[in-house]
Amino acid sequence: MTSHPHRFKEFVAGARDTVPMMIGAAPFGMIFGTLVATGPLALWHGQLMSLAVFAGSAQFIALGLIASHASFAVIWATTFIVNLRHVLYSATLAPYVSHLPLRWRLVLGGVLTDEVFAVAWAYFRRHAPGDVSPWHFLGSGLSMYLNWQVWTAAGLLFGVAFPGLQSLGLDFAMVATFIAIVVPQLVAVRYLAAAITAGALAFFWQAWPYKLGLLGAVLVGVAVGVMLSRTRRPLDLNADADESDSDPPRPAPTHRQPPAPPRQLHDQREPHAITGGQR
C-alpha cells in the first residue's frame, strides 16, 4: 500500500491535471442549469439529475426528451445508447485497474466521463499496468464531479438572468480543451488513424438520430486501431527474427584445462640451518 502523503499527492495531481477540463465544462453545467430553470422540471430535479447521472450529453438529451413528453422507455434507451462509449473507455482503462478491489473499480467507474478518461489515459500511459495508484484517477473524477455540481447549481440559480447564454457558443470551450489534451497523445500511427477515421465518420454521420452516428464512428475508429495494432505485432516479430538471422555466428567456446598450480620450491638449505644449527 502507498503511504498517506503519497496518496494525497497523487489525488492533488489528478485534480490539478483536470483543471483545464473543469474550466471547459463550466459553460456546459451553466447552460444545463439554465435550461432546467426555464423548462418543465423543478430546480431540484435538475440538481438531482447531475448528482445521479453525471453525464452531460445524456442529461441534455434527456432534458429535451422530457420537454417533448417522450416515454420513459425512449428516454432510457436513448441515453443508454449515447453512453455506450463509456464501455470503450472502461475497456481501455481495464488493464490498469484490474488489480484493484471491486469497490475501487465501482467508484472509479462512477466518476468516469469523457474528460476524466482523457486525463486518466494520459496518466496511465506513463506507467505499467498493475503499477498505478488509483488516487490520481479518484482526484480527477471527484474534482470533475464537484465542478459539475457547482456549475449546475449556478445555472439553476442565476441562469434566468442570462437568457441568451446558450446562444453564445460557450460550449465550444469544452471541445477546444478536449482537443488540446487528446491531440498530443496521438503519437502512434494506429492512434492517429483511429482518430482520423472516427472524426471523419462522425462528420458524415452527424445527421443520424440519437447520436448513433457518433457511436458508430467511435466503433469503427476503435476497430481500425485494433486492426493496425494486430498487423504491427507480426511485423515487429518478423523484424526481430530477421535481425537475429543476420547476426554473425559466434565461435563455439573452447574448453581449456586450467593451468597447473606452480610447484612448491623445496628448501635447499642445509638441515642444520632448518633445525637452528643442531646436528
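Every residue gets a Cβ built from N, Cα and C, even glycine.
Residues or ranges marked as compositional bias 'Pro residues' in TrEMBL: 249-262.
Residues or ranges marked as region 'Disordered' by TrEMBL: 237-279.
The annotation transmembrane segment is assigned in TrEMBL to 21-45 (among others).
Look at TrEMBL and you will find 51-84 (among others) tagged as transmembrane segment.
Sequence-remote contacts of a segment are chain residues at least 6 beyond its ends whose Cβ falls under 8 Å from one of its Cβ atoms, and for the transmembrane segment (104-124) they are 14, 17-18, 21-22, 24-25, 54-56, 85-86, 89-90, 92-93, 96-97, 132, 134, 136-138, 140-142, 144-145, 174, 177-178, 181-182, 185. Summarising the annotation, TrEMBL assigns transmembrane segment to 104-124 (among others).
Look at TrEMBL and you will find 144-165 (among others) tagged as transmembrane segment.
With a threshold of 8 Å between CB atoms, the same-chain residues lying at least 6 positions outside the transmembrane segment (172-204) that come near it are 20-21, 23-28, 114-115, 118-119, 121-122, 125, 213-214, 216-218, 220-222, 224-225, 228-229, 232. The transmembrane segment annotation in TrEMBL covers 172-204 (among others).
Per TrEMBL, the feature transmembrane segment maps to 210-228 (among others).
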Other parts of the chain folded back onto the transmembrane segment (144-165), taken as Cβ under 8 Å at six or more residues beyond its ends:
18, 21-22, 25-38, 43, 46-47, 50-51, 54, 56, 111, 113, 115-116
Cβ contacts under 8 Å made by the transmembrane segment (51-84) with residues that lie 6+ beyond its boundaries:
25, 28-29, 32, 35-36, 39-41, 110-111, 113, 145, 148-149, 210-212, 215
